[in-house]
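*Asks:* As listed in Swiss-Prot for this protein:
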type	residues	note
DOMAIN	130-568	domain 'Urease'
BINDING	135, 137, 218, 361	Ni(2+) 1 binding site
MOD_RES	218	N6-carboxylysine
BINDING	218, 247, 273	Ni(2+) 2 binding site
BINDING	220	substrate binding site
ACT_SITE	321	active site, proton donor
């Protein structure tokens, strides 16, 4: 017997299907479902009188043959596509994306449900991969709570707490600090990796940090990012298959941007603050976007360009970099970094895929809980100001959505050698997943899974008779407690450190995962974000020209995903 449902009725029951469109929060961005893996009339749904019951949608298969958890009828938004599917999780990893059910009685089932299977209802929800923030100043451990609740599940950077050096630079300096921070990582339900200090002109001070567990090295101008330090740091990285992140020389003391690029010698490097105001060679650090070996990112304080962006930056900069406003030279240093023209160009360079990643710069001018919000605010602003991308039509913004989600998921993972574990929703990867109601997309997740287990969720009064009564707010769940914490999150280290047995020597509880393939990555590997324009910046007007075109846009006076979501 066939029952015909309207699209509205079907979407309300099972979530949107192929050809349906979903608005992301209150933005002008619309995504359209490209494919539905489920089968009409054979959908599985949990609940009283519904499908996932013994002998119906649930089979008799034993635990070894069924997933531990399925997310039913979810919309997946990832760099590879926008699809509707059931998601299977097994042993903390994504096991399959397809059609769940009982293969004994249903056709087309690729994921068998059994008595060992838990169900998370994904109908009407969007699922994304956990975010990856690659620009963390580990100033306060409480950042992790904020980041996790925003949908970020991996944090990479450096620091030792609110030390003056950490306030300004993302470095965990030396073996002793590296060991202590790796031990501290055991206490937090998030994936972590630490960068050592890369500013030295001889190899051994850097090699010993990699051997102690650093996933890479950070060159920062506040420690002296000279051509000699750059060359030495990249040589050590090549020898150890680790990544180098760099904050270049704002004052152009040791050379101009051309000197820095020359010191790279064509070697792969992640350029932090490839942007309009965050630091680095003033005023033309944006030039490096055109280099094949440069993997550029920018940070969220300038995302997107608004009428308030310039005003808040000066005071932030003075605090973060230990500057004194009564000293003329310090004030000039700060003012040289804040340029409306290059900030405006940064918006467009993100939209065209020249800037490959977006991160926070946590508590050091950036906001750790706003990476995802500001990514999508930038996408919205560019849609409004520049219209549809050539790859998109009038019906949807699918390519733009894939481009922007890649900036904080797969591209950071590729850059830092962790894409074999995290960064996308693909079988075999660690099940770090974020579930969103479309109306709250990018702003307030409904639930965050770490390693296949619920880590954080919106939860009501624990003394209530049901889960939903007020006050509803983010609460840590069972993945953050006891021994489950260490089994649902990862600590990333160098291969050298893993081979040296630091897990046993340091007494680490979390599983350690070596980074790999950091040195073979090029801009061409940055998914949907590989454009390499020839950029020039006028030294007097700061106008940015890319491939002969002036890049400029107006500041936004109103943004979506803002005040209406944060009344309480």
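The backbone N, Cα and C atoms fix where each Cβ goes, and this holds for glycine too.
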*Asks:* Of 135, 137, 361, which binding-site residues are close to residue 247 (Ni(2+) 2 binding site), meaning a Cα within 10 Å of its Cα?
*Replies:* none
*Asks:* Quick one: which residues besides 135, 137, 218, 361 have a Cβ within 8 Å of the Ni(2+) 1 site's Cβ centroid, in sequence order?
*Replies:* 136, 157, 158, 169, 170, 245, 247, 272, 299, 359, 360, 362, 364, 366
*Asks:* Helix, strand or coil: which one is the residue listed as 'substrate binding site' in, per DSSP?
*Replies:* strand
*Asks:* Neighbours of the Ni(2+) 2 site 218, 247, 273: Cβ within 8 Å of the Cβ centroid, same chain, sequence order.
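*Replies:* For the Ni(2+) 2 site, the extra neighbours are 135, 169, 170, 219, 220, 221, 245, 246, 248, 271, 272, 279, 280.
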*Asks:* Where does residue 135 (Ni(2+) 1 binding site) sit by DSSP, helix, strand or coil?
*Replies:* strand
*Asks:* Within 10 Å of the Cβ of the residue listed as 'substrate binding site', how many other Cβ atoms can you find? Include all protein chains, please.
*Replies:* 26
*Asks:* Using all protein chains in view, find how many other C-beta atoms are within 10 Å of the C-beta of residue 135 (Ni(2+) 1 binding site).
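*Replies:* There are 32 such Cβ atoms around residue 135 (Ni(2+) 1 binding site).
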*Asks:* State the mean pLDDT for the domain 'Urease' (130-568).
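*Replies:* Its mean pLDDT is 95.
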*Asks:* Between residue 135 (Ni(2+) 1 binding site) and residue 273 (Ni(2+) 2 binding site), how many Å separate their Cα atoms?
*Replies:* 10
*Asks:* Tell me which residues of the chain lie with their Cβ under 8 angstroms from that of residue 137 (Ni(2+) 1 binding site), as long as they are six or more apart in sequence?
*Replies:* 157, 158, 159, 166, 167, 168, 169, 170, 361, 362, 363, 364
